[in-house]
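Engineer: Quick paste from TrEMBL:
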- 1-26: region 'Disordered' (REGION)
- 15-26: compositional bias 'Low complexity' (COMPBIAS)
- 65-86: transmembrane segment (TRANSMEM)
- 92-114: transmembrane segment (TRANSMEM)
- 126-147: transmembrane segment (TRANSMEM)
- 189-212: transmembrane segment (TRANSMEM)
- 219-240: transmembrane segment (TRANSMEM)
- 260-281: transmembrane segment (TRANSMEM)
- 293-319: transmembrane segment (TRANSMEM)
- 339-362: transmembrane segment (TRANSMEM)
- 391-410: transmembrane segment (TRANSMEM)
- 456-474: transmembrane segment (TRANSMEM)
- 480-499: transmembrane segment (TRANSMEM)
- 509-558: domain 'Cationic amino acid transporter C-terminal' (DOMAIN)
- 536-554: transmembrane segment (TRANSMEM)
Amino acid sequence: MGGEAVVVEDRRYNSSTSSHSPSSPSTCLSHFWSSALRAKTLTSPSVRSTHNGDALLRRLGLFDLLLIGVGASIGAGIFVVTGTVARDAGPGVTVSFILAGAACVLNALCYAELASRIPAVVGGAYLYAYTAFNELTAFLVFAQLMVDYHIGAASIARSLASYVVSLLELFPFFKENIPSWIGHGGEEFFGGALSINILAPILLALLTVVLCRGIGESSILNSCMTATKIVIVIIVIFAGAFEVDVSNWSPFAPNGFKEVLTGATVVFFAYVGFDAVANSAEESKRPQRDLPIGILGSLLICVALYIGVCLVLTGMVPYKFLDEDAPLAAAFSSKGMKFVSILISIGAVAGLTTTLLVGLYVQSRLYLGLGRDGLLPSIFAKVHRTRHTPVHSQVWVGIVAGVLAGLFNVHVLSHILSVGTLTGYSVVSACVISLRWNDKAASQVSSRWTSTWREGVLCLVIVAACGFSTGLLYRLNASSIFMLVAIVIAVLASAALCFRQTYVYPPGFSCPGVPIVPTVSIFFNIFLFAQLHYEAWWRFVILSIVTVAVYAIYGQYHADPSSETIVYHRAPTEDAQ
C-alpha cells in the first residue's frame, strides 16, 4: 500500500455539452445538474507523478502532527471557556468536557479513516465530500467552513492582541500608555460600525510571513509555542491541585444535568484541531500511518488537559465566584499565586498564537485544493517553487483575516460561528458510509445499485433531520415523548443502513462500528447545530444560497477542466513503511 499511487480524477461530463453554451433554460438546468453531480473517483494504477513542482514538501512527522492538532485546539477554550461554562454547569463542567470529547472521538474516528484512505492530498472535509458525494456538496462544505475560519481567525487575532498588550503592561513603561486602538478592543467609529485595531493585523501579517517561508519554519514555531503552553497547563494543574478544596465539588451539578449537557454543546468547539491534522496530508512524511494517530492522539491529549484544568479550577474556587473573562488567572490570584497568573497569561498568548497559526495554515490548504480543482481561480493552486508553500493562497487568507480584524469588532459575530464545523463534521461522517458503498459499487455493478445508494443517502438525511428535531425540541423544552419519537425514527433509519446495505472494509485505518459510529456522530452533530443561535441558522441558509449562485456562475464552467487529471500520490514506499 505504501508505494501505491492514488489518482483522483473527475467524472467528466460530455465534451459536446461543455463546448457549447446552454441555449435554453432546460439545457442550462441540465448542464448545472450534470456539473453539480460530478464526483471524484479513486483508482490505484501504477502511475508516477509529473507534478512535483506543484507539490507541497513532506516534512511533517508524527510528533509535528500531534502538535498541530493540540496547537489548534488548546487556546481560548482552556483559558476562558472553562470558567464561562462552569458558572452554569458547576463542577459538572468536567462532565461537559468529557461528553464533548466523546462526541469528538466519533468524528475523529471518521476523519482518521478518510485521512488514511486519501492520505496524500490537501482538502480535508472538502475533498472527502467531493470524493464521496459530488462537486456542489463539496463546494458548500468549503464555503461554510471558510466563513468559520475567516471570522474565527480575525476574532482570535483580536484576543491575541489584547493578551499581548496585557503582557506589555506588566512593565511600568507601557502601563496605561497603550491606546485602545492599538490592541485592547479597538477604537470605535460611526456608532461602532468600525472598530480600529492596529496590532491584530500586524500579528496576522507576521504569522502569514512565517507560513509563507515554509512548513518547516511554521512547524518549528508551532512546536515551540505548543510545547510552551502544554508545559504551562501542566504546571497549572499540578500547582492548583495543592489548593483544591473538595467541598467545592459539592453539589457537582447544581443546576441539573441539562446544564451539563448544554455546557457540552458549548465546549464541543474546543476540540476542533483534528481537522487541521487531516489538512496536513500532503505534507506528512508517512500519511497512512501518522494521520490517524495524529488525529486521535491530539484529541485524547486535549481531553486529558481539559479535564485536569476543570477539576483544578472548580476545586480551587466555588463555581459561583469564577471570573468569566480570565478564570484561571483570577483563581490563582485569589490564592496569592500571582506568579502562576503571569504564567497563565504567557500560556494564553502561546495558545492563541498556535491556534491562529494553524487556522491560517488550514485555510490556505483548502484554497489550494479548490484552486487545483478549478472551483477557484488557478492562482490559488500555485505553489512556490523553492518554498513549497501556496504563497498566493496564504497571502489571501492573511489579507482577509487582517481586514476583518483591523476594521471590525468580529467578536459580535461569534454566535454565527461553528455552523461550518458541525455541518462539515456531519458530511465527513456521511462520507465514511458512502465510500464504503462506493467500494462495493466499483467491484459489483448491478441494476439495483443506484436505488440502493439513494436509499442509503435518504436514511442519512433522515438521521440528520431527526437529530435537528431532537435538538430543537430539547431547546424548546418540549415533551420528552416527541423527542423519543424522533430518536426512534433515527434508530429505524440506522437499522436500515445496517441491514439493507453492504459494507467493505478499506485498506489502512478503519473506523469501527460502521455505520453505527458515523450515524451517531451525524445525529449528535446536528443536535448541537440545533442549539446554535437562530442567526446562525440564517447564516447557513443565506450562505448556502450565495454559494450555489457562485457555483452556477463560475464553478460549473471552470471545474473539471479538459487538461490532464491531477495525480495525487501516496507517500513514497520508504516513507510509508
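First residue shown is number 1, and so on along the chain.
In case you wondered, yes, glycine gets a Cβ from its N, Cα and C as well.
Tell me about the surroundings of these features in the structure.
Structural biologist: When Cβ-Cβ distances below 8 Å are used as the criterion, the transmembrane segment (126-147) is approached by residues 8, 10, 35-42, 114, 118, 363, 366, 369-370, 373, 375, 419-421, 423-424, 427-428, 430-431, 434-435, 438, 539-540, 543-544, 546-548, 550-551, 555, 559-560 of the same chain, each at least six residues removed from its ends.
Residues 153-154, 157-158, 160-161, 164-165, 181-183, 218, 221, 353, 356-357, 360-361, 364, 384, 387, 389, 391, 394-395, 397-398, 401-403, 405-409 of the same chain sit 6 or more residues outside the transmembrane segment (189-212) yet have a Cβ under 8 Å from a Cβ within it.
Residues 60, 65, 68-74, 77-78, 81-82, 84-85, 88-89, 92-93, 95-97, 99-101, 103-104, 107-108, 111, 114-115, 118-125, 253, 287, 291, 294-296, 298-299, 302-303, 306, 358-359, 361-362, 365-366, 417-418, 421, 424, 528, 531 of the same chain lie 6 or more positions beyond the ends of the transmembrane segment (260-281) yet place their CB under 8 Å from a CB of it.
For the transmembrane segment (293-319), the list of distant contacts is 62, 65-70, 73-74, 77-78, 82-83, 86-87, 89-91, 93-94, 97-98, 101, 104-105, 108-109, 111-112, 115, 230, 233-234, 236-237, 240-241, 243-246, 248-249, 254, 267, 270-271, 273-274, 277-278, 280, 284, 327-328, 330-332, 334-335: same-chain residues at least six beyond its ends, Cβ to Cβ under 8 Å.
Long-range contacts of the transmembrane segment (391-410) within the same chain, counting only residues at least 6 positions beyond its ends with a Cβ under 8 Å from a Cβ of the stretch, are 150-151, 153-155, 157-158, 161, 185-186, 188, 192, 194-198, 200-201, 204-205, 207-208, 211-212, 360, 363-365, 367-368, 371, 379-380, 382-384.
Same-chain residues lying 6+ beyond the ends of the transmembrane segment (456-474) with a Cβ under 8 Å from its Cβ atoms: 426, 430, 433-434, 437, 482-483, 486-487, 489-490, 493-494, 496-497, 500-501, 519, 522-531.
Sequence-remote contacts of a segment are chain residues at least 6 beyond its ends whose Cβ falls under 8 Å from one of its Cβ atoms, and for the transmembrane segment (480-499) they are 433, 455-456, 459-460, 462-463, 466-467, 469-470, 473-474, 515-516, 519, 523.
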Engineer: So which residues does the transmembrane segment (536-554) touch in its own chain, when a touch means Cβ under 8 Å and the partner is 6 or more beyond its ends?
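Structural biologist: Sequence-remote neighbours of the transmembrane segment (536-554) are 32, 36, 135-136, 139-140, 143-144, 147, 375, 415-419, 423.
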Engineer: Please indicate, using numbers and ranges, the residues of the same chain that are 6 or more beyond the transmembrane segment (92-114) and have a C-beta under 8 Å from a C-beta there.
Structural biologist: 82, 85-86, 128, 252-254, 257, 259-261, 263-268, 270-271, 274-275, 277-278, 291-292, 295-296, 299-300, 302-303, 306-307, 310-311, 314, 319, 425, 428-429, 431-432, 435, 506, 508-512, 517-518, 520-521, 524-525, 528
Engineer: Using a Cβ cut-off of under 8 Å, list the residues of the same chain at least 6 residues beyond the transmembrane segment (219-240) that approach it.
Structural biologist: 59-60, 63-64, 67-68, 70-71, 74, 78, 210, 305, 308-309, 312-313, 315-316, 328, 331-332, 337, 340, 343-344, 346-347, 350-351, 353-354, 357-358
